[in-house]
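Student: For reference, TrEMBL lists these features for the protein:
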type	residues	note
REGION	A:1-38	region 'Disordered'
COMPBIAS	A:13-33	compositional bias 'Basic and acidic residues'
TRANSMEM	A:48-69	transmembrane segment
DOMAIN	A:109-298	domain 'ABC transmembrane type-1'
TRANSMEM	A:113-137	transmembrane segment
TRANSMEM	A:144-168	transmembrane segment
TRANSMEM	A:174-191	transmembrane segment
TRANSMEM	A:230-256	transmembrane segment
TRANSMEM	A:276-294	transmembrane segment
Amino acid sequence: MSVTTAPPGGAPQDHRQHQDDRDHRERDREQGRSRAGRRLRRLAGRPGLLLAVLYLALVLGWTVAPGLFAGQDPLHTDPAQSLVAPGSEHWFGTDNLGRDVYARVVHGARVSLVAGLLAVGLALLAGSVLGALAGYLTGWLDHLLMRVVEVLVVIPGLLLSLTVVSILGFGTTHVAIAVGIAGIPGFARVARAEVLRIRGSAYVQAAVAGGNRTPAILVRHILPNASPPVLVLAALDIGGAVLSISALSFLGYGAAPPAPELGAMVSEGRDYMTTAWWLTTFPGLTIALVVLATSRVARALERTGVSS
Amino acid sequence: MTRYVLVRLGNGLFVLWAALTVSFMVLHLVPGDAVTVMLRGRGGEGSSVDPAAADALRAQLGLDRPLYAQYLDFVWGAVRLDFGTSFATGDEVSAVLGRSLPPTLELAAAALLLTLVAGVAAAVTASLLPSAPLRSAVWSVTVAGGAVPSFWTGIILLQVFSFRLGWFPAFGEGDLSRLVLPAFALALPGIGTLTQVLGRSLRTALADPYVRTARAKGASRLRATTVHALRNAAIPAMTLFGMMVGGIVAGAVITETVFSRPGLGTLTAKAIDTHDFPVIRALVFLVGALYVLINLAVDLVYPKVDPRIVLRSA
C-alpha cells in the first residue's frame, strides 16, 4: 500500500537541512517576519513542492465543488458527440457514449480522493489505537496484537483488500474500508514503536509516579508525542491508498457503471485503446499525479517535522 | 544454525496456521448468509434464492455442521492440499489452482528477475553518475515509477509497443515475446522501490573506508561499487525483495487482467466476481504460504552475503 519515497542521503543531509532551518529562523526573528510568510518563501524556492501543493489544491477544489470546475454533467450522454478528440469544446474529449471526459475526471477524482482519505483515516485510527494499546500495556496483549499484525502482513495488501471486498460486497465505501483494513498493520507497527520509545521517558514516569491514571497518561502525555511519525505515515499512505482504490475500481469492484470513478474509467477506455487514447490517458494521469503530489508533500512534511 | 532454522520453521508454521485460520474465517465473516451471497452473485439484494439450492450448497460446503468440525475439516483438508470444490465451476479447487499456477509463476519470475536486474543497474548507475542533477533525475524517475497505477502502465505499454510500434503481441500467453510487456508492467513499481532502497544503502557503503582503500589500490569506481560496496549494501534490498514477492503475485491480478493472460490473477478476479469463497480461501492461504517460504529462504541467505550475520534464535 505504501509508496517508498524517503529522500536519499540520510542523516548528513537532514542535519544540513536542520541547520538551514535554524539559520532561516534566526534571520526571520531578526526581521520580525511571520511564520506563514517564511513558509511561503521557502515553498517558492522549491518548484517541485510548489507544483505538488498547487495540484493538490486543484484536486481539493474538484472535491469540494466539482460543479465549479466542470460545467458539464458527467452522466450526460450525447450519441452524436461520441469519441470526440480533446479540443476546446471537450478538454479531455468524449467517451463512447458522448460523455465529457473532463467532467468525469473531475467527479471521479473526487470519489477517489474521498475514498482514499476514508481508507487512510480508518487505518490511522484503528492502527494507532491497536499499536498504542500494544505498546503501552505490553505483556500478553502486546504479544497477541503483534502476532495478528504479523499474520496480516503475510497476505499482500491487494489480496487482503480483494478478500475484504468479496466479503463486504462491492461499492466505493466497501472498497475504501477494504483498503483501510489492509493499511492497519503499518500504522499499528509505527504507533507501537513510538509508544514503546516514549513510555520509558522521564516525563511519563513522572506522570505515573504522580498518580495519573493510564487513560490520562495515554491521552495527555503519550499521544501528543507519538503522533508526528504516525501522521507522516498517514500522509505518505494517502497516495498508496488512492492507487489501491483505483486498482480495485479498475477491476470493477467500485461504484456501479454510470458513476464516474478514475480506475473504472481506465478500464472502460480499454476497449478504445487504439482509437481513443484520451479515454485511458487522462484518468490514469490524474491518478498518477495525485499519488506523486501527495507523496511529495508528505516527504516535505516528514523532513520539516509535522509539529514545527 | 540448525536450531535457528528449526525455530524459524516453527515460527513460519505458526504464521501459516494463522493464515489458514484467517482464510477459514473468510466464509464466516460474510455479513448475513454467505451461501445466499454466493447464490445471488452480482444480482444483489433484490434477486431471490432457491431454498433447496441454498441447502444443497450449505451441505456441500459443510456449513450445516458444527463450527469446530468445519474448522478441523478445513485444516485437515489444507494439509492434504484439498480445498473443496469451486462454487462457480464445480472443479476441485486444488486442480484449478494447479492449472493457474504455472503461467503466474512464469510471469512473477520474469517480473522479479526484471526487478532485480533493473533495480540493481539503476541503483549502481545512479551512484556512479558524476553530477547531482543527473542523480536526482534518476531518483525522480524511480519515485514516479511507484506512483503510476500499474493497470495504466500496462495499457500505455500496449498502446505504444503493441499497437503503434508492433514490437510485441498484445494479448494471451505463450512464447517469450508475450511475457515481456506484462512482466515489465508488473515489475515497474518494485523497480522504483528497490532502486531507492539499494541506492540509499549503496551511498552509505560507498562512504566507508574500505571503499577508499579499494580505490587507493587501483580499483575503478565501477569495480569499487559493484565488487566491494554492493555486497555490503545488499542486506536491506534483500529484505525488501523477499517482501515484494507476495505483492508481485497479488499484482498479477491487475496485470493478467490488462493483458488477458490466464493465471492466478485472472482466477482471483473471477473468484471475487462470482463470490467463489472456496477459491478465495485457498488463494489467501497459497499466497501467505509463498510469503512465509520466500522470507525464510531470504533469512537463510543473509549469512552467505554478509558473513558477519550469525543466525541465532533470539
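Note: Cβ is positioned from N, Cα and C throughout, glycine not excepted.
TrEMBL annotations: computationally assigned, not manually curated.
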Student: Which bits of the chain, at least 6 residues beyond where the transmembrane segment (A:230-256) starts or stops, bring a Cβ under 8 A of a Cβ in it?
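Tutor: Long-range Cβ neighbours of the transmembrane segment (A:230-256): 1-3, 5, 111-113, 115-117, 119-120, 123-124, 128, 157-158, 161-162, 165, 170-172, 174-176, 178-180, 182-183, 186-187, 190-191, 194, 262-264, 266-267, 287, 290-292, 294-295, 297-299, 301-302, 306.
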Student: For the transmembrane segment (A:113-137), name the stretch out of A:48-69, A:144-168, A:174-191, A:276-294 with the most CB-CB pairs under 8 Å.
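Tutor: Maximum Cβ contact count belongs to A:174-191.
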Student: Near the transmembrane segment (A:276-294), which same-chain residues lie under 8 Å Cβ to Cβ, leaving out any that are not at least 6 residues past its ends?
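Tutor: That would be 3, 51-53, 55-56, 59, 83, 85-86, 92-93, 95-96, 101-102, 104-105, 108-109, 112-113, 235-236, 238-240, 242-243, 246, 262-263, 265-266, 268-270.
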Student: Near the transmembrane segment (A:144-168), which same-chain residues lie under 8 Å Cβ to Cβ, leaving out any that are not at least 6 residues past its ends?
Tutor: 1, 130-131, 133-134, 174-175, 177-179, 181-185, 188-189, 192, 244, 247-248, 251, 253
